4 protein chains.
Amino acid sequence: MKKIAVFTSGGDSPGMNACVRAVVRTAIYKGLEVYGIYRGYEGMIEGDIKRMYSHSVSNIVQRGGTILKSARSEEFRTKEGRQKAYEKLQKHGIEGLVAIGGDGTFTGAKLFFEEYGIPTVGCPGTIDNDIYGTDYTIGFDTAVNTALEAIDKIRDTAAAHDRIFFIEVMGRDAGFIAVESGIGGGAEFVMVPETKTDLDSVVNALKNLRKTKTSSVIVVAEGDDEGSAETIMTKIKEKIADSSKEFKVTTLGHIQRGGSPTARDRVLASRCGMAAVEGLIAGEQNCMAGVTNQEVVFTPFGDCIGREKPIVRDHLRLIDILSI
Amino acid sequence: MKKIAVFTSGGDSPGMNACVRAVVRTAIYKGLEVYGIYRGYEGMIEGDIKRMYSHSVSNIVQRGGTILKSARSEEFRTKEGRQKAYEKLQKHGIEGLVAIGGDGTFTGAKLFFEEYGIPTVGCPGTIDNDIYGTDYTIGFDTAVNTALEAIDKIRDTAAAHDRIFFIEVMGRDAGFIAVESGIGGGAEFVMVPETKTDLDSVVNALKNLRKTKTSSVIVVAEGDDEGSAETIMTKIKEKIADSSKEFKVTTLGHIQRGGSPTARDRVLASRCGMAAVEGLIAGEQNCMAGVTNQEVVFTPFGDCIGREKPIVRDHLRLIDILSI
Amino acid sequence: MKKIAVFTSGGDSPGMNACVRAVVRTAIYKGLEVYGIYRGYEGMIEGDIKRMYSHSVSNIVQRGGTILKSARSEEFRTKEGRQKAYEKLQKHGIEGLVAIGGDGTFTGAKLFFEEYGIPTVGCPGTIDNDIYGTDYTIGFDTAVNTALEAIDKIRDTAAAHDRIFFIEVMGRDAGFIAVESGIGGGAEFVMVPETKTDLDSVVNALKNLRKTKTSSVIVVAEGDDEGSAETIMTKIKEKIADSSKEFKVTTLGHIQRGGSPTARDRVLASRCGMAAVEGLIAGEQNCMAGVTNQEVVFTPFGDCIGREKPIVRDHLRLIDILSI
Amino acid sequence: MKKIAVFTSGGDSPGMNACVRAVVRTAIYKGLEVYGIYRGYEGMIEGDIKRMYSHSVSNIVQRGGTILKSARSEEFRTKEGRQKAYEKLQKHGIEGLVAIGGDGTFTGAKLFFEEYGIPTVGCPGTIDNDIYGTDYTIGFDTAVNTALEAIDKIRDTAAAHDRIFFIEVMGRDAGFIAVESGIGGGAEFVMVPETKTDLDSVVNALKNLRKTKTSSVIVVAEGDDEGSAETIMTKIKEKIADSSKEFKVTTLGHIQRGGSPTARDRVLASRCGMAAVEGLIAGEQNCMAGVTNQEVVFTPFGDCIGREKPIVRDHLRLIDILSI
């Protein structure tokens, strides 16, 4: 293997740049030529591919977003699109790929590998942490801390006004951000897609809590089965006859995707990037480089996207116990 | 004057605690007894009043929210409510008041003073900066920096995806937060209540900008004449035929009220708190202690709430010039 | 078991409060009475012990330091001291202990248990991460992020002036903070106690790096075998004949111990605290509750303090590869 | 005037990039060609001068340091050095200069203007705030907040261990950083070059404070007349016979120069940069563009460097009163 390329795809996440930097520098260190593909699969189809050097990735380890940009590509879902992409890679002599992204990225990479056989190793770049095969995904720790800082701020104002705040965090299919920011932020309740949300029991518990607490924070993952934070607040407000408290909603939104990555995300991103390149050289393909139990592990793309990653059970218990 | 009381009222703002601390310690330093009234006018009516000591305000200078809590009081708007409040103050022998809050707080304080004559000095505690008689209000600097950090984060993801982001910041009647966070965040446009928003010219400018820039950030004060960020985005999306970019909205919401105050807010809060007590002792009443041109100034409540505070004209020009 | 007590001891670390909160609330949740011992073993000897309630630990999950205070106790090293401590615990009817701290804390706890048999479970509270039996210690993640933010800031000024900066981080016996903040901060070199530092090879590498880089950051753990950052800088300055660059030293010092804990530290602290209480109830004693491979694990105190915890080998390789 | 150049010189400060951006974009907006001179006067002598465009300053408003780099130049102090610099500017047809820096920068600019007559306007870029003619300098607000965050963190650990901490902040000739971070951080004492430090009275006050407080924070400006924080701690430790408390020193050092600028610094930097260019066009020369009482003011270089800027007297009183 002499030439490899790296790209970022899907929603951006903090640490993607640290990962790109690790891929580029490890490749150069190992004597490979390395290219950057811009705007994910879209840029692959269009041939938006540039040679990268050590200095191309200087001073990016601390930056959010991705210097390679990201995009969603409809065309790559078509056979014709992938054919074009393959031709562009051939033209540049690319023999291996590092794909940084989440579910959708790996689904595309798997299909592309099966059709054209270019060895591909993925790195788990998504804030949602919903990828099997790695304890944490790149960007998750930063997103949790961003959510947590917001919760800390809102708690100030909740306490000052004796309010009940519903805070919606990201997580369409997974409650990891909600659970960890909820434990960290001392939330009274956390509602996640993985478990059935029982609003009646929340209402009862809220009534009980009020005897000792004058304000409460409820963290809601955007994909909760009872709906958005706004919807849930409205339902609870109706159920709870007492109107003496003010109910408020805040939806954190896109601030959770940005920001300078935390140490944990930079280290994880660097390690996955290095492992992906070393994996490619060692013959790995159609799999993702993750870190489990402090060790690098390569997991087939099929498992990464097909197997469920459960929330740590202790974490759900923690919220119950600590909110008393 | 031997006994004074301090309270916080209206929306909380970062720095209120630093101000309470300054009031309490200056009072003690000057040999006065000092009391805290909880939950603003509501607590005044209910007699929720406690003696405060130097240690009562230890370790709060850095905390958001307000240890005295805040509330809006319907009852204080009635003659009966104010009568009750007066009686409670009489009962405790309170001879002077320090009122920390904004517009509504000072309106109430003015009326109460005119009716009962208890000397009252205000401190400008509101994130909106819309109080005449002080260059800045307590909490404004923190709110701007919170908004700015959010804009910095969103810019990461906007740039990664070539998106146009509409970010709504607080400011129902005033665009100060929008303007300063917009300049600081390098926003392409800022929309504020103080000036007529011309969406057609924004659309034209956006089309021009796109020739050189692939992403843009537009900061919208919640009180803009064209509506909320959501509304404005929808209007612009319709006007701009081109659908090649993704338009996104983020509403920052209540995170702007919380958080540990910045140095500027802590210093301003401390200074206003000290000045309010020294002012009361020196005979000031029915006025607010603010800082203008680096000097403490006492401004009659009537002016604080009645006179308009204009946005610095240079600031509006800066956005036009710097977004090219 | 009906009554337990919790204390913090040794150097404070961010997350200790979150851990105290978890201990107190889990105990109450499980129907136990819970007491706080102030100033570690010193307060145990003096009987500085108070009943704690759910509200005693409200609003502390986000605070650095420790509300129970910490101290080093010479007297507890004596048989008489420990006898007094035992008597004080007896007087309060304490049947179990949760000891939050590091090496020294557990050494004391082990000895005390062996002498008096009061069941004790530890929680790993130290920024250094040098405790066997847990992947991370409480406070480590926050300390690394604090060091990292400082490195990010210093890189700005290093780059502006083409300087070589030596940054000393905490770690008398362990290089964990240095390694993770060094990888995260894109340091050119990291010097740690665990490996022999070869200054000649650093000098050669620096000379090479200069051909492409104009500034460098070198992270030094305070316990490096070649001495402090100041000493190392002086040695390197002498070896490197070229005086065209400015060499600077910054010692981060105590800022690394403080600050609001990160999400990771709050979650870890909460989990260890809950596990310690549940462990005591289930009959665990003379051991520490840590988290390894995402699971709670109880490790005998003897192993925690007696066995070495190695740095992840990949981490040392990362620095070599990524600094090219 | 058709062509101007901008440079940064002396110690770097957060906001310099925002200022460079404002200079470049305002110049382009006004139809001028604009050049960047790298490494201050050193680069001017060497002719390290490059054309700048609007995109040259994209995405830098939030970054610390200076993309134009900075340096101290011995050669510019000689007549020959300045002659060379003039020739390089002539070669590029530069007709006006914007000099971003502090004392030393303006001293050089004044001399250079007097010798060669190239119109020059300065912008106050220094963290020390010791420039007459502007309420605040660019970078000061960020430096104060960085110092304040450090003080907040150290207070956590000071309180946990009942310690007395001496924290040294930057300020060789001026105590502005010490005073504002000291007020904001709730310091018990602040020692600055502008006032005589009386250690005996500090010792007495400390003894008094101990009756109610168990920990204290003392902020020392590096240029205090009694010496460094280390020296002062040693002196006080000797004077205070009581050894029951732990005395600790932390020197914040270079972290105060870096970091993403605060909103206040970005707005000030943007405004000064715009004003400098508009000033040059309007015929200003040999002066600095600052902001006083919210208005842009041009002050002759001679005054900026020759006149003393006093600390706000209220600020010194605040510390006395609020530390009780």
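Quick reminder: no glycine exception, Cβ is built from N, Cα and C everywhere.
Residues or ranges marked as domain 'Phosphofructokinase' in TrEMBL: D:3-279.
Here TrEMBL flags D:G11, D:R72, D:S73, D:G102, D:D103, D:G104, D:T105 as ATP binding site. All protein chains included, D:G102 (ATP binding site) registers 25 other Cβ atoms within 10 Å of its own Cβ. In three-state terms derived from DSSP, D:G102 (ATP binding site) belongs to neither a helical nor a strand segment and is classed as coil.
Sequence-distant contacts of D:M170 (substrate binding site), defined by Cβ-Cβ distance under 8 angstroms and a gap of at least six in the same chain, are D:I127, D:D128, D:A143, D:A147, D:I177, D:A221, D:E222, D:L252, D:Q256, D:R257. The substrate binding site annotation in TrEMBL covers D:T126, D:I127, D:D128, D:R163, D:M170, D:G171, D:R172, D:E222, D:K248, D:H254, D:I255, D:Q256, D:R257.
Within 10 Å of the Cβ of D:D128 (substrate binding site) there are 26 other Cβ atoms, across all protein chains. As annotated by TrEMBL, active site, proton acceptor applies to D:D128.
Spatially close to D:R72 (ATP binding site) yet at least six residues away along the chain are D:S9, D:G10, D:G40, D:E42, D:G104, judged by Cβ distances under 8 angstroms. Looking only at the binding-site residues D:R172, D:K248, D:R257, the densest Cβ neighbourhood within 10 Å occurs at D:R257. With D:T126, D:I127, D:D128, D:R163, D:M170, D:G171, D:R172, D:E222, D:K248, D:H254, D:I255, D:Q256, D:R257 listed as the residues that bind substrate, the site has a largest C-alpha separation of 33 Å. Of the recorded residues, D:G11 (ATP binding site) and D:T126 (substrate binding site) place their C-alpha atoms 7 Å from one another. Neighbour counts were taken as the number of other C-beta atoms within 10 angstroms of each residue's C-beta; across the binding-site residues D:G11, D:G104, the minimum falls on D:G104. A straight line from the CA of D:T105 (ATP binding site) to the CA of D:T126 (substrate binding site) spans 10 Å. Checking Cα-Cα distances from D:T126 (substrate binding site) against the binding-site residues (D:S73, D:G102, D:D103) with a 10 Å cut-off leaves D:G102, D:D103, in sequence order. A gap of 24 Å separates the Cα atoms of D:I255 (substrate binding site) and D:S73 (ATP binding site). Taking a C-beta cut-off of under 8 Å and a sequence gap of six or more, D:D103 (ATP binding site) has these contacts in its own chain: D:G10, D:T126, D:D130, D:I131, D:I305. Within the set of binding-site residues (D:S73, D:T105, D:T126), the lowest number of other Cβ atoms found within 10 Å of a Cβ is recorded at D:S73. Shown in sequence order, D:S9, D:G10, D:G40, D:G101, D:T107, D:G108 are the same-chain residues outside D:G11, D:R72, D:S73, D:G102, D:D103, D:G104, D:T105 whose Cβ sits within 8 Å of the Cβ centre of the ATP site.
Classification of D:R257 (substrate binding site) by DSSP places it within a helix.
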